[in-house]
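Checked TrEMBL, it gives:
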- A:12-33: transmembrane segment (TRANSMEM)
- A:39-60: transmembrane segment (TRANSMEM)
- A:72-95: transmembrane segment (TRANSMEM)
- A:162-180: transmembrane segment (TRANSMEM)
- A:209-228: transmembrane segment (TRANSMEM)
- A:265-285: transmembrane segment (TRANSMEM)
- A:297-317: transmembrane segment (TRANSMEM)
- A:375-396: transmembrane segment (TRANSMEM)
- A:444-466: transmembrane segment (TRANSMEM)
- A:506-526: transmembrane segment (TRANSMEM)
Amino acid sequence: MANRLGTIARDLGRMLEALAGLILVSVLIPLVWREWWVVPGMVLSGILPLLVGVGLSRTFQDAEDPGRLHGMMIAASGWFFVAVFGSVPFLLIAWTAQLDPGVLNVPVRFTTTGTEAYSTLAAFQNPLNGFFESMSGFTGTGLTMSVHEDVLPHTLQWWRSFIEWVGGVGVIVLTTAILARPGSGSLTLYESEARSEKIHPSIVSTVRTIWWIFLLFTFFSILVLWLAGMPMWDAINHAMTGLATGGFSITDNSIATYDSVAIDFALIPIMILGSIAFPIHYLILRGDLRNLYRDLQTRWGFIFFGLGTLILTALLFDQGFYQTEAIVVAGIVLQGQAATLFQTFRFALFQFVSAASCTGFQTAGSLGPGWSPQAQLTVTFGMVVGAAAGSTVGGIKLIRLLTLAKGTLFRIRGVFYPASAVRTFRLNGRALSTEEAAQEFEEAAIITFLWVLFLGLGAFVLMLSVPMGPDGFTLENVLFEVASAQGNVGLSSGITGPGMPTITKVMFLFNMWIGRLEIIPVLVLLRSIFVSMEVYE
Amino acid sequence: MHLEKIPFVGTLLAAGADDTVFDILLLLGPLVIVLITILGRTSLTVLLAVAYTSVFVGYIAYKSMATTESKT
């Protein structure tokens with residue numbers, strides 16, 4: 001037990017050291033924006049995980065390399081504590097504004113009761129709200145406790161975007177890239193963070209290549225958004241959260257704030273880039289574009305986005321939700337039904353890609369009460385499934401859905417063959433033996449079962465804790481919100497906010513946590529804690 | 001020259017796709033963004049951003065065609 005704790009504590013310490021680095025680097029932002037009053041809070045927020053991290057990693061530096069059990073416990077506890085320590089900047093900056101020490105010259109808008117800036121920042125005086133924001137950021141969810149994101153200090157706007165950007169690739173991937181440790185331990189940890197794909201034989205090289213790709217795409221995305229008309233600060237933040245399929249925005253109404261066709265269509269390829277697996281990106285950058293249709297997940301990703309968009313467009317057009325008299329697109333004036341169809345397609349495409357890529361950007365303002373239940377459930381299905389494993393998305397992942405679908409067909413067809421027949425199960429170009437196929441099928445079935453189980457549990461808790469019925473929320477609103485939290489998406493039907501009950505916040509925190517790690521590592525951690533506490537034998 | 005030996009960014013560049021153009025784009029990216037931030041939205045900065053994104057997309061397309069031709 002002591003050995004196990006030592007290994008966990010050492011690697012947890014390394015993750016906290018990496019987190020401290022992220023916070024301390026972010027001190028540049030208040031210096032650039034001249035937000036001097038947040039600097040002490042940011043520095044203190046960085047020193048805290050640094051001390052704890054260095055203390056743990058030094059004390060247990062000789063601990064054993066992690067095994068599979070350790071790996072899962074490190075991933076689960078690491079993500080939990082990174083979110084805890086990552087919430088400190090929210091807490092300290094909110095309390096700095098509240099206490100308003102004269103020497104720091106806190107801007108009046110943050111200290112005057114009744115202003116939007118005050119109430120938005122004051123929400124983070126509650127540590128649970130900061131923890132929620134931090135967990136939502138690191139897991140790439142995007143559900144927020146900020147009522148008016150546009151009035152937050154630039155430092156907190158950056159911190160929200162930055163943690164989503166890092167969390168999209170993974171905290172362990174970051175730690176491995178920076179604090180490289182050759183050997184089997186890194187691979188175990190990497191796999192525990194819901195990743196299995198390898199670009200190179202060495203895991204350290206793989207994670208560094210992932211960061212190389214991610215940085216290159218980030219710069220490209222920033223410039224694309226800026227060209228589409230976003231101000232540079234907005235472009236930087238939205239490129240980071242869009243590519244990481246996180247979905248935090250620095251504007252009050254997400255992407256709907258801009259009401260720009262160009263920005264909507266510029267963000268779609270960025271969200272799609274984030275939902276393609278990194279090894280495929282690598283092959284494409286090496287000149288092999290054919291992987292866009294050769295790779296099973298990528299091909300089905302495009303089919304999934306296309307089909308979902310068509311269904312959603314048809315549902316919303318039938319509902320007549322986006323009746324438009326006239327709209328100008330690229331200098332062409334569309335009128336009447338053509339204008340309505342274009343607007344419906346525009347919002348359906350954006351919202352379905354945003355949901356299925358698990359980004360969570362919103363352009364359609366009435367996802368909650370306005371859209372028909374069928375339209376909401378179509379988007380919910382997109383959020384539950386997600387896109388490619390090995391990318392930055394959440395959800396069950398397309399590969400598992402395809403494995404289940406193909407596996408089910410394989411089983412049914414098997415009945416028509418003699419018992420002695422030797423059959424091969426083909427998946428993504430691989431020929432699998434019966435045992436291998438059974439293992440793939442079992443893994444996909446277990447994750448899907450757990451996903452649906454916790455979706456149901458979350459929905460149950462939500463239905464008990466938020467107002468339901470004609471004056472409250474509907475079942476489809478509840479399923480939408482829980483699927484959004486657990487799928488690490490961030491679209492909201494209007495339930496999430498600082499005023500929601502504590503039990504709902506705790507449930508969503510749990511949903512986001514298990515969703516990011518694909519559930520099993522968290523269950524392994526909880527079981528280990530319960531066993532060690534002798535809750536059960 | 002070994003990429004690893006370049007100060008600060010050597011390790012990152014060495015992890016890339018072994019392609020000078022992408023490495024240059026990676027190095028130029030932050031510089032272009034800072035320049036645009038300082039100068040604002042002008043004809044020059046728009047041209048700069050268009051050039052950067054065009055080279056990125058165009059080079060992927062060119063590389064893909066070159067790779068396909070060499071394989072056939």
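Every residue gets a Cβ built from N, Cα and C, even glycine.
Relative to the rest of the structure, where do these features sit?
Sequence-distant contacts of the transmembrane segment (A:12-33) (same chain, at least 6 residues past either end, Cβ-Cβ under 8 Å): 39, 42-43, 45-50, 52-60, 74, 77-78, 81-82, 85-86, 88-89, 153-155, 158-159, 162-163, 166, 171-172, 174-175, 178-179.
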Below 8 Å between Cβ atoms, which of the listed ranges A:72-95, A:209-228, A:265-285, A:297-317, A:375-396 makes the most pairs with the transmembrane segment (A:506-526)?
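Most contacts with the transmembrane segment (A:506-526): A:72-95.
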What stretch, picked from A:209-228, A:265-285, A:375-396, has the most CB pairs under 8 A with the transmembrane segment (A:297-317)?
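Ranking A:209-228, A:265-285, A:375-396 by Cβ pairs under 8 Å to the transmembrane segment (A:297-317) puts A:375-396 first.
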Should anything in the same chain at least six residues away from the transmembrane segment (A:209-228) have a Cβ under 8 Å from its Cβ atoms, list it; otherwise answer none.
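Tertiary neighbours of the transmembrane segment (A:209-228) are 165, 168-169, 173-174, 177, 199-200, 234-236, 238-240, 242-243, 260, 262-263, 265-267, 269-270, 273, 278, 281-282, 285.
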